[in-house]
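The next block holds one structure in the form of structure tokens; read it before the comments.
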Amino acid sequence: MRITSTSCICPVLVCLCFVQRCYGAAHHGSIKATRNQTKHIEGETEVHHRPKRGWVWNQFFVLEEHMGPDPQYVGKLHSNSDKGDGSVKYILTGEGAGTIFIIDDTTGDIHSTKSLDREQKTHYVLHAQAIDRRTNKPLEPESEFIIKVQDINDNAPKFTDGPYIVTVPEMSEMGTSVLQVTATDADDPTYGNSARVVYSILQGQPYFSVDPKTGIIRTALHNMDREAREHYSVVIQAKDMAGQVGGLSGSTTVNITLTDVNDNPPRFPQKHYQLYVPESAQVGSAVGKIKANDADTGSNADMKYTIINGDGSGVFSISTDKETREGILSLKKPLNYEKKKSYTLNIEGANTHLDFRFSHLGPFKDVTMLKIIVGDVDEPPLFTMPSYVMEVYENAKIGTAVGTVTAQDPDMANSLVRYLIDHNTEEDRYFTIDASTGTIKTAKIFDREETPWYNITVTASEIDNPGLVSHVPVGVRILDINDNPPELAREYDVVVCENAKPGQVIQTITATDKDNSANGARFHFFLDEGRSLNPNFTLRDNEDNTASILTRRKKYSRITQDIYYLPVLISDGGVPSLSSSSTLTIKVCACERDGQVRSCHAEAFLSSAGLSTGALIAILLCVLILLAIVVLFITLRRNKKEPLIISEEDVRENVVTYDDEGGGEEDTEAFDITALRNPSAAEELKYRRDVHPEVKPMPRHHTSTSLDSIDVQEFIKQRLAEADLDPSVPPYDSLQTYAYEGHRSEAGSISSLDSATTHSDQDYNYLEDWGPEFKKLAELYGEIESERTT
């Protein structure tokens, strides 16, 4: 089978196609289909033939970007079995078959129906087959072939990373590399010059150049100065076809900035400056600014200002503001117009970061002269001292002079000064000041132990100009006098053991004094001499501001006396000497042999009785339980009540029982008991008030006479008759009980009913003679007699 192709449409392409075909036939290994064996479809007999070439073709080529109106002819397929009678049918399958590539099934001609782009797909793999049109049986085995898309120059070079921004130091040498740019071409680099790119500069000359092959941009001039021009815009072009006419091109922009180097020294705009500073300027404040210009930027323009000489170098100082690069002139000492009216300073400004490559452009510093004029200002009064410390004794009388402050007007006018104390705090009200002389006096009596120091502020102002004010702090120290007696340093719990020996130290005491050491550093201890010699304890002054309490005897007993009181006198060494008395309480306790306290007071008695704390708690709980039971029983008895009538239907006579107890002998309000004890004291018959009696009562004189003449039996019978005849009594029987003790005895009653209102004539003074056992009883009766007398 033969294949013919007409893809070579120009002389050059014809030669290339010819070479390509020869090279493909000889070296590419043309796609061949050889019939090494044939299999009969209808029979099972397999006949082997000698291998014979059936059809051969090489690769097909098709030009990309075909824009013609007709389909582009690619090539032709032909089988040896094709006799030209149309019995052979050609079939094309694979990539793009039927869509991009079509075949004439009779002639075998292949056409491309679409414009192809090699940059999207470089080749297509297809399969060809020849079959018998009548039987549809293959005449040749299916074979594979390739259609390659042939490149044309349809893509311009592109800078994928542009535009570019790059920097290069100023004053660089000529030929200094700045940047390398690269352009890419999508065309086939293996075919022709379509992808061969060369570089050229369109804009940026004569400052920069570009290498045509590598695309490296370099500086083209010496000593390019940033201060003259800082930014450059360079346009670079890339052209394919090795730069020949008809090649495609692309361009990009490279923005180049010159970076600064320290190649410019600082310079003051003027060689002489003048500055006015008032004498009232505060020390440490900024009084002026000065600046040297530097054409460089960043750290290359940093500089430092110094005062190199001048008569004002000790009065003024200069510092550098890193943000503004200005020299800040400050005042070190106060100015006085009356003493000096002007100063001269020589100020130097120098770069701090030097580049020795450009030292020949130096020196990188500059000097200027500054003259400072001091201005006269009306100043406030000036105190002779920055602060004052004065002293005054405590308890000094009100109006005592403490000290004097002095201030003067520093101006030539020398105005008079007025003094005043600032009453901003409570302490300022404790002193007064003479407005003319400045003498400070006390306004209260001070106590050093309460406040040892006072701080006040004195103000001085000119009489002619009160707005000019100055202040000075004054400290007043309160001096001490001996006005506080010494006293014990603390409360002491002194314990003496029952088994203590004579001369044993049981406590060491110390003293304290509110006065300072000059009036109380030495203390003296001794027992109160106003009393008799203490037989139990003694005191020893240790002469180191302490004293020891010692026992004078042995065998102390808690049962006999468990607490002793020891008065101690303490005096100080001040002038005059002051003393005070304090009483030590000494407890007697049971101790171990080593002196350790075992128990004191009540604990010792409990231990001697043999009762432990647990046993006492148990006894106490039992007593509380018994008291609770008794209280509960009494409460239940009082709350128990029985009804007067058992049933509402029971109308029988009943004896009504009341469980209410009387008030006893002290209850004299419920009834008159004298009527029962003595019939002669009975009153007239009293009837009920709720009903009107029908029987007239007996005359009073008759009743009284009868009671005087009858005995108790007749009296009871009379009362019974009156009760029977009285219609106002209840309809049932009632029981009336009368008690009679007889006539009053001449010996008097021993009852205690009237004992609270009667007074005894007994004299109990004889109890005092019965001895100490009856002393307490005599005191009690003596108090009773005294109260009665009162």
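A Cβ is built for glycine as well, from the same backbone N, Cα and C atoms used for every other residue.
In TrEMBL, annotation is done automatically, which means it is predicted and not curated.
TrEMBL lists 79-159, 160-268, 269-383, 384-488, 488-605 with the feature domain 'Cadherin'. The signal peptide annotation in TrEMBL covers 1-24. The feature transmembrane segment is assigned by TrEMBL to 615-636.
Assigned with DSSP, the residues of the domain 'Cadherin' (160-268) fall into helix, strand and coil as follows: 3 helix, 45 strand, 61 coil. In terms of DSSP helix, strand and coil, the domain 'Cadherin' (384-488) has 4 helix, 47 strand, 54 coil. In terms of DSSP helix, strand and coil, the domain 'Cadherin' (269-383) has 10 helix, 55 strand, 50 coil. In the domain 'Cadherin' (79-159), helix, strand and coil residues by DSSP number 0 helix, 35 strand, 46 coil.
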